[in-house]
Every structure is written in structure tokens, then in C-alpha cells.
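A.B. asks: Supplied in C-alpha cells, the structure appears directly below.
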Amino acid sequence: MNSWNLSSSIPIIHTPHDHPPTSEGTPDQPNNNRKDDKLHKKRGDSDEDLSPIWHCVVSGGIGGKIGDSAMHSLDTVKTRQQGAPNVKKYRNMISAYRTIWLEEGVRRGLYGGYMAAMLGSFPSAAIFFGTYEYTKRTMIEDWQINDTITHLSAGFLGDFISSFVYVPSEVLKTRLQLQGRFNNPFFQSGYNYSNLRNAIKTVIKEEGFRSLFFGYKATLARDLPFSALQFAFYEKFRQLAFKIEQKDGRDGELSIPNEILTGACAGGLAGIITTPMDVVKTRVQTQQPPSQSNKSYSVTHPHVTNGRPAALSNSISLSLRTVYQSEGVLGFFSGVGPRFVWTSVQSSIMLLLYQMTLRGLSNAFPTD
């Protein structure tokens, strides 16, 4: 098999002419493989057995973690832009990246909150892909549900189930990203945690355990439609890419360049569409309790202004109204540049590695 091709458990829908009829499984000669053959052709798996669910779980966890790691610094820039829209030095994506790098460094600046992100990255991605694949197979094979509805529903359900794992890490990550380095002399975020452990202890002690799920509804309002759209787009783009490759005389599996392109387009498009809810989610999860609004958080520079917007609430509708009243329509697209880059590149990395790991596991643990 050409090293530029990948096997996949993600379906590519073939036309009836993609696979020539065989003498096995005809109406006159039924056999036990007929049902499986029909399902494989509907799903477009190139007549290869579908990967076991545990392959999808492991592959998804690896792809998600590496993708998140690679793009964390850009996610930090997006968080600063959304959490501090009034700070001029963070308004431009490139200059914001450079400013954070020069002022705060890589580890505590651009990669602030990295350990918090990794706390939920692998398990949540593993749960998502396992749920997504199981739901998709059940809906298509057992219930004969329309493909587009299936992909939207599977992405929606996968993200909902994994949210119980990633939301607490998202709260901690976002606050640490907004804070930057400890005793930050360059930006007063409203938080000053010395490390991840201190952040967990402080949040639970001062705000209660439930605060780790603060903004849960806002997070779901962003992530459920994002995942549903991302994978519906991804499945459709892969089908189109496969048809194009078929016209060029290639059949069976999608080439790596097209795997990268389809993943990037799916993630980037879904990212742009869901940016308004990403803004609300960031504001909700990083707002300060009223009792701490006048508290100085920078020991070395206690009078540095934070440029933070007014506190919102846990209400999505009120948060949307507050953003609109204070910043207008453009406020809903604060950080859209880095979010587009992040979601497109992260999606391409994650989904490419997902496919590659699936192939490796299939070779190491064949199902035949």
C-alpha cells in the first residue's frame, strides 16, 4: 500500500459503480457476507473491515492530545483577545503573539495553562471518538438514518458525553492562559495562580467545586454545534475528495494531502461559525466574582489596568446581550483570526493522526 494513503473508519460514500458485482452475495446466491458487504459499500470502507471501537478510542486520544499541544500557544492568543478586548496590544493576532512571547516567555506566557489543557485533552478526545464512531455505526447500519443527520448527531452526542471531562480542565486552562505568568507585571487578568495545583485548590476553596463547571452551558453552546458541524463537514469533504481522486484514477483510500485539507477546512469553517459562542464562553469562565473585582492581583505592579470587560453571568442570553451592548456585533467575533487558524490546523493534525494511528493499530492488531 502506498505510504501516502491511509485506511479509515470514517466513511466515504461510494456510488453503486465503485465496486463491481461479484458472484458472491447475489440475489440468486445469498451468503453470510451479503449484509456486511452491503454495509461496507454504503459506508465506503473500501471493503476493509471497520476498525474496532477501542482503536478509535486510542487513536482519537492521541490525535486530540498532539493537536491541542501543537496549537496551544495560538489558543492562548485567542483567549487574551477574547478575555481582554480593550487591551490594544492584544488586538492583532501576530503582534499579540509576539507581545506575549517577549513579555512573558513561552512556558508561562504562550503555553500558560498547558498542563490544565492536557489534563482533559487525551481522555476527552478518546471518549469523543469512541462515542462518535459507535453512534455513527449504529445510526447508519442498524437504524438506516440519513448520513448527514447521523454525522451531526454523532458529533453532538460525542461532545456532550466528553464534556464532563474537558469542561473542568477548560475552566482552569482558560484562566491560566488569561493570567499568564505568576505575578504578571504586564497584564492584570484578575487571577494569580502559582501553578495548576494552586489554581485547583484556590478555585475550589474560594468558589466551590461547582465553579470548575462554571460556564458549562456556554461551553456546550459552543462545542456541541462545533463538533456536530466539524464532523458533518469532514465526512462530506472526504466524500468529495474521494470522488476527485477517483477521477484521477486512484481508488480505495484518501491521500495524505487531501486528509490534511479536508480536516483543516472542516475545523476552520466550524470554528468561524461558532466564534460568537466562543467569545461568550471565554468571558463567562474568566469573569471575576464581584467580591474580588477590586482586588489587586499583580504583586509587583498592583496598578496595572486589566482592560477586562464588565462581569457577565452564567446566563447565555444575558451574556450575549452584554457583549452586544458593550462591543457591538464585532465583539462576537473577537479573536476570530486565531480561532480560525487554531481550529483549522488543530483539526487537520488531529484527524490526520487519528487516521494514521488507526492504520498502525490495524496493522499491529489485525481483526482477521
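For all residues, glycine too, the Cβ spot is worked out from N, Cα and C.
What Swiss-Prot records for this protein is below:
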REGION    1-48  region 'Disordered'
REPEAT    51-138  repeat 'Solcar 1'
TRANSMEM  56-77  transmembrane segment
TRANSMEM  115-135  transmembrane segment
REPEAT    146-240  repeat 'Solcar 2'
TRANSMEM  149-165  transmembrane segment
TRANSMEM  219-239  transmembrane segment
REPEAT    254-360  repeat 'Solcar 3'
TRANSMEM  260-280  transmembrane segment
TRANSMEM  332-353  transmembrane segment
A.B. asks: For the transmembrane segment (56-77), could you work out the same-chain residues 6 or more beyond its ends whose Cβ comes under 8 Å from its Cβ atoms?
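C.D. replies: Sequence-distant neighbours of the transmembrane segment (56-77): 9, 90, 93, 96-97, 100, 106, 109-114, 117-118, 121-130, 132-133, 177, 335, 338, 341-342, 345-347, 349-355, 357-358, 361.
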A.B. asks: Using a Cβ-Cβ cut-off of under 8 Å, list the residues of the same chain that are 6+ residues beyond the ends of the transmembrane segment (260-280) and lie near it.
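C.D. replies: For the transmembrane segment (260-280), the far contacts come to 78, 82, 218, 221-223, 225-227, 229-231, 233-234, 237-238, 241, 254, 312, 316, 319-320, 323, 331-336, 339-352.
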